[in-house]
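**Student:** The structure that follows is given in the form of structure tokens.
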Amino acid sequence: MLAATDLARILDGRRIADDLLDALKTRVDARVAAGKLPPTLAVVLVGSDPASVVYVRNKRRAAEKVGIKAYDFDLPEATTEAELAALIDRLNADPKIHGVLIQLPLPGIPDAHRLIQRIDPRKDVDGFHPQNVGHLALREFGLRPCTPRGIVTLLGHTDRPVRGRNATIVGVSNHVGRPMGLELLMAGCTVTSCHKFTPPQMLEAAVRQADILIVAVGRPGVIPGEWVKPGAVVIDVGINRLDDGQLVGDVGFESAVKRASWITPVPGGVGPMTVATLMQNTLEAAEATDC
């Protein structure tokens, strides 16, 4: 247990992501030296949402750093679902494309999930396709959702065991919370998932007993830091911009850092790991075509 004067160690996602990207570059260089195609990633951006533009730029920069060739498909906001479906079909059929990334959200398209399902699961480097999530549920390793997989990598860089721990996940989105639960089950945790129907007193109790706390809600300070169990590992997936422009997470950082053993910063924690894991999935998708 931490003493009252101790502060959590910062789980530096930027540094860990950079180390992962360096390792991936070594593998890509070896692949190219062996006469194989470099991994390729089709990046589809619809419209000009500022956040999406930033996310896509970060992904393209990471691809360049690793040696993955990115093909850019920047489409107007008026692009229809039928036009996107036709593009996905072309990318699925192109043997030179190893990974397909559709940046979400898609403006004007209410059912993006239908388009995600259209991506060839072998090229679904986001890991969102139901077939890939199903593999995870069956404890089969394939193209796993990037953010949960990146969080597992982060947990491996602490000095805290994962197997046998109590883990609480706050938020049950299809892209983070639900697959995160599967990842932690596979890692040997006892998992509690909390959501909008979880009574407040039950939510607080679940947070207070968590050795590993993962929060992915998208509401600043939704989890008071005072709830954090002393010595817990806290992974804050949320990134929220306040009226003054400050970026904050879903957990009250100032008080949580005095109780946790490890905690991710916002920004600079989970986000870089998501991007690095996308590159990891893209390389693995390319390697799977060599068999």
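Indices start at 1 and increase along the chain as displayed.
Even glycines carry a Cβ here, placed using N, Cα and C.
Got these off Swiss-Prot a minute ago, pasting:
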BINDING   Gly171, Val172, Ser173, Ile239  NADP(+) binding site
**Student:** For the NADP(+) site made of Gly171, Val172, Ser173, Ile239, how many Å separate the two farthest Cα atoms?
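**Tutor:** Spelled out: the longest distance between any two Cα atoms in Gly171, Val172, Ser173, Ile239 is 16 Å.
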**Student:** Counting every protein chain present, what is the number of Cβ atoms, excluding its own, within 10 Å of the Cβ of Gly171 (NADP(+) binding site)?
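**Tutor:** Looking across every protein chain shown, the total is 22.
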**Student:** What are the sequence-distant neighbours of Val172 (NADP(+) binding site), meaning same chain, six or more residues apart, C-beta distance under 8 angstroms?
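**Tutor:** The list for Val172 (NADP(+) binding site) reads Arg178, Gly181, Ser193, Cys194, His195, given in order along the sequence.
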**Student:** Once near-sequence residues are set aside, which residues in the chain of Ser173 (NADP(+) binding site), 6 or more away, have Cβ atoms under 8 Å from its Cβ?
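**Tutor:** Those within reach of Ser173 (NADP(+) binding site), by Cβ under 8 Å and sequence separation of 6 or more, are Ala216.
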**Student:** Mind giving me a neighbour count for Ile239 (NADP(+) binding site)? Other Cβ atoms within 10 Å of its Cβ, every protein chain shown.
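**Tutor:** Result for Ile239 (NADP(+) binding site): 17 neighbouring Cβ atoms inside 10 Å.
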